[in-house]
Amino acid sequence: MSRPVRYAICILVALIFVLPLLAMVVIAFTPRESILDDGASLWSGDWTLANFSGLFGQFPVWRWFGNALLVASLTTALSVVVNLLGGYALAKLRFRGRSTVLLVVLGTLVVPVQVVMIPQFELVARLGLVGFFWAVILPSASTALGLFLARQFFIDFPDEIVEAARVDGCTTLQAFRRVVVPNARPLVAVMTLLAFMAQWNDFLWPLITLRDPDLYTLPVALRLLQTAYDNDYGGIMAMALLSSLPLVLMFVVLQRYFVAGISRSGIR
Amino acid sequence: MTAPTVAPAEVSPQGAAMTGSPGQARAAWGMLAPNLLLIGVFLAGPLAWAFAMAFQDKRSFGKGTWSGLDNLSRLFGDDVFWRALLNTAIFTAATVPVGVLLGLGLALLMNKALPGRGVFRTIVYLPIVVSSLVTSLVGLLLFDESVGIINGILRDLGLADVSWQSDGALAMTSVVVMTLWSRIGFSMVIYIAALQDVDPQVIEAAEVDGARAWQVTRRVVVPLLRPTTFFLVLVNLIWSFQVFDVVYVMTNGGPGYSTTMLVTYAYDEGFGPARNFGYGATVGVVLFVIIGALTLLQLRRNARAEA
């Protein structure tokens, strides 16, 4: 394929991929009336901040933002620690039952969340967690994907480094903490990014378990707005933009680590 | 402090014999404990519970009554269930091959040096970060029949409106399009990472031999990417069978039942007005069994192909 042709295809693909995001941004700044009268358009030429001021005026947007940040950060921290430990054990330590554990963990990948939601909700309710952030954090902290990612990374981790630490008198756990973790930065970066992303974007489970609008996270509130603001695309897109912006910025800055992490972790 | 107990032979990765020293086994279980506890309590437990619920008449929290195979026999005679199964199969067939192939195509396209390549890649990746909820809401904005962007563009071009929401097949199309948009970037990232491992000399050698670029790609590069393709097909298959958010938000299964999927049906039965926990669980358990069987089938096919 000649270079100009390849270039033309790239531009076309980029245009198609960017269109939905462009639509979100444009409509977030388009006045409500203009959408109702003339339909949503990418080139209406009417610009306004009213959708945003409306949101901030009516709703505790900053609070939702803070909640989302808190819940996603706590889940991420817990999940990275738990999956790092487990992934290392599955990759480097030898014990009876190792392959069974791996199989069971991978098996959980095929469980659709919505299927276990009812019993999960009953469980969380019995534990008295409904209406608390823990109801959201604990069930999502251990992810099969994160554990698998860590295992794949550690399989390639040089044994000599661990052995050297052991010869120096470190226990398994000490060697892990002092030698292994500091050398697993790309893995930690990609696990952090993936866990944070998943939790930040989750809406259904938090909607069911948090109950109190004061506890909502941005995406949960977004879902609520969609039902409340029927057809007010301006307001909905303004909120959608606000809830996506942190991740988009984070991703653009950390993209290099993300791609490097994925290629080094061996999910391919 | 325990003395180092690990002999070099024992640390070799993926050894065949599974018995390490007792100390190592203790450390391993200790390190796995938090994980297993969380998975056990919040996933495996509820899953077992869902299996039990499939054999119960249960319509509220608390205890249900055992009802044997009632739910299952209702399921087999339930037209909506069969429709949801068919829809899920159609959705899977429409998203998995296209999603993986386009990911491969874009990875090959953007693997070679090209001015602005980084920008192009970022644009294709970006939907990964956008949540499924936002994707679905943007999907609504694009495909809305009366005020949506796409019909607006068609109108500006002097074309007729398209009934994206009132026509079943078109509604399914809109859901498929938004799903592909959000997924292709992932396939592309993984393929690009895999392409970095393909020895450039392999490609060069083939090109020197006079093979044309397309043939090199098809005969040499694509077979080398087989493990990646296997992984992506498997993951996409699981995702497609579990599709929920996009359908739930964009069409809520409609018009009629033309986009009802197994998971949205299970959810509606359990959490919707029907509040039939037992029946919702039955639909879910059947779905789980189907996905599990498909996954095992794929794994076995892969093992045979590699042998």
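Going from the start of the chain as shown, residues are counted 1 onward.
Including glycine, each Cβ sits where the backbone N, Cα and C put it.
According to TrEMBL, the feature transmembrane segment maps to A:7-29 (among others).
The annotation transmembrane segment is assigned in TrEMBL to A:64-89 (among others).
Annotation comment: TrEMBL describes A:65-254 as domain 'ABC transmembrane type-1'.
Per TrEMBL, the feature transmembrane segment maps to A:101-121 (among others). Cβ atoms under 8 Å from those of the transmembrane segment (A:101-121) belong to residues 90, 130, 139, 144-145, 147-148, 151, 204-205, 208-209 of the same chain, restricted to positions at least 6 beyond its ends.
Away from its own ends, the transmembrane segment (A:127-150) comes close to residues 67, 70-71, 74-75, 78-80, 82-84, 86-88, 90-91, 105-106, 108-109, 120-121, 187, 190-191, 194-195, 198-199, 202, 205-206, 209-212, 215, 265, 267 of its chain (Cβ-Cβ under 8 Å, at least six residues beyond either end). Annotation comment: TrEMBL describes A:127-150 (among others) as transmembrane segment.
Residues or ranges marked as transmembrane segment by TrEMBL: A:187-208 (among others). Remote same-chain residues near the transmembrane segment (A:187-208) are listed as 68, 71-73, 75-76, 79-80, 83-84, 113-114, 117, 121, 136, 139-140, 143, 145-146, 149-150, 153-154, 181, 216-220, 222-224, 246-247, 250-251, 254, 257-258, 260-262, 264-265 (criterion: CB distance under 8 Å, separation of at least six residues from the stretch ends).
Annotation source TrEMBL lists transmembrane segment at A:233-254 (among others). Sequence-remote contacts of a segment are chain residues at least 6 beyond its ends whose Cβ falls under 8 Å from one of its Cβ atoms, and for the transmembrane segment (A:233-254) they are 23-25, 27-32, 35, 40, 50-52, 54-55, 61, 65, 68-69, 189, 193, 196-197, 200-201, 218-219, 221-222, 225-226.
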